[in-house]
Amino acid sequence: MAPGLLENNTLSGTAAPRTEFKAIVNDLRELQAHVQRVQSAIEAPEVQSWLNEQLHHPDQLPDKELEQLALDLVDSMDKLQLQLVPSVSLLTDGFFGYLNSKTLWTVVEAQVADRLAENGPQPVSTLGLRCGIQPERLAQLLDTLVSNGIFAYNPADDTYSNNRASLLLCHDHWTQWHLWADLYPNEFFDVSRAMPQAVRLGESRTAAQIAYGTDLDLFEYLAKEQKLAKFQKTLGAGAVAQARGLTVDYPWEEIGSEPILDIGGGSGAFLASLLRAHPHLRGSLMDIQSVIELITPEFREPHGRFSDIGSRVQQLVVGDFTKQIPPSAVYTMKWCLHDWVDDDVLTILKNVRRSIVPSSVSRFLVVESIKSPGRSGRLPRYGDLIMMITCNGKERSLEDWKRLGELAGWKLYQVHRVRRAWPCIIDFRPM
């Protein structure tokens, strides 16, 4: 007779006390009952309203303590479910995960969220006609997305509606997340097809170069094919959506009147957001010549996007941060270092260390994602693979940043978690 649930049996072949099995099973049953009670309480309308206000409001930063509690809890539950989910089920997410991305893009392209926002809850018979999708197929698409927490379904009247996640996909939503549902499940999906070739021993080309059949880097290729605007628009929208947390979740008042030099500042949106949020700050921006030529009118012309803070932008500097960096006491660098391998990052960190002006506020603030285990760390892990296939770059762990910083003469003073943003602010101080 096969051993039952509480018989002496383990996968390792080592016998365990029957009472230990009982204790584990009882713990799981108690946990299940407790989770059901909490779930029932959370689903109460007044609790939902409170959570949406404190944790999920699209236009306000979440409560710090509540958000951290939620993240820690999600990570704990994720770690537990990995121990309980059948092995083949773990593999199936890898087999079929691409379908989530393609399903999301299909409904975004058809503007399903927009039609629901305009007309309220609808059955698929009506919604499908408004979106140009076969109603039966739309039901299949939405069934998957509802199970993923995107859109809501009411079985009482067989209607679908927007929820807090799907509302972010509306084309007129200020965050413009719908752009990400296009670029990554399409262009970046195509690039990922070449991942197996790109990681082989002796291969120096990126997956993007292999997929597109070019020796140009990704940015040069996109510019040549007149596709760079879509890429820049998508990443720019993401930067806007995440900007507020970056301006408030670091003690920028510590810098006082010391000017900031934003290295590799790109469009200038990050520097502009800091100056708008903190009237006492002044700054300059450094980037390559083509970028500086592009953004100069935005700061210097009367109708430029950043003309309102243009007088507090002291210089727009042409330069190459892999070679030389102008002196400053305070530097910032956002989403640049993940484009580079460790040796290049070390060179850049050393360049900044050599140039920094000693003062009581001297620091180098690196805005990058930090890899970590658990469900809450999945975005940096996605980013790590994106960097790998597009530019041979990588995201890094906290230990990676400590090690590289110390090799370049920096002490990792503190890491500031940023609400509603994927990167952290890594505060390096000169050693």
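Just so you know, glycine gets a Cβ as well, placed from its N, Cα and C.
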From the candidates D287, D339, D342, D343, give the one listed by Swiss-Prot for the same S-adenosyl-L-methionine site as G319, D320, F321.
D287
Any idea of the Cα spread of the S-adenosyl-L-methionine site, D287, G319, D320, F321, as a max distance in Å?
8
Mind giving me a neighbour count for F321 (S-adenosyl-L-methionine binding site)? Other Cβ atoms within 10 Å of its Cβ, every protein chain shown.
21
Please report the Cα separation of G319 (S-adenosyl-L-methionine binding site) and H338 (active site, proton acceptor) in Å, rounded to an integer.
19
Any idea what the model's mean pLDDT is for the coiled coil (20-85)?
95
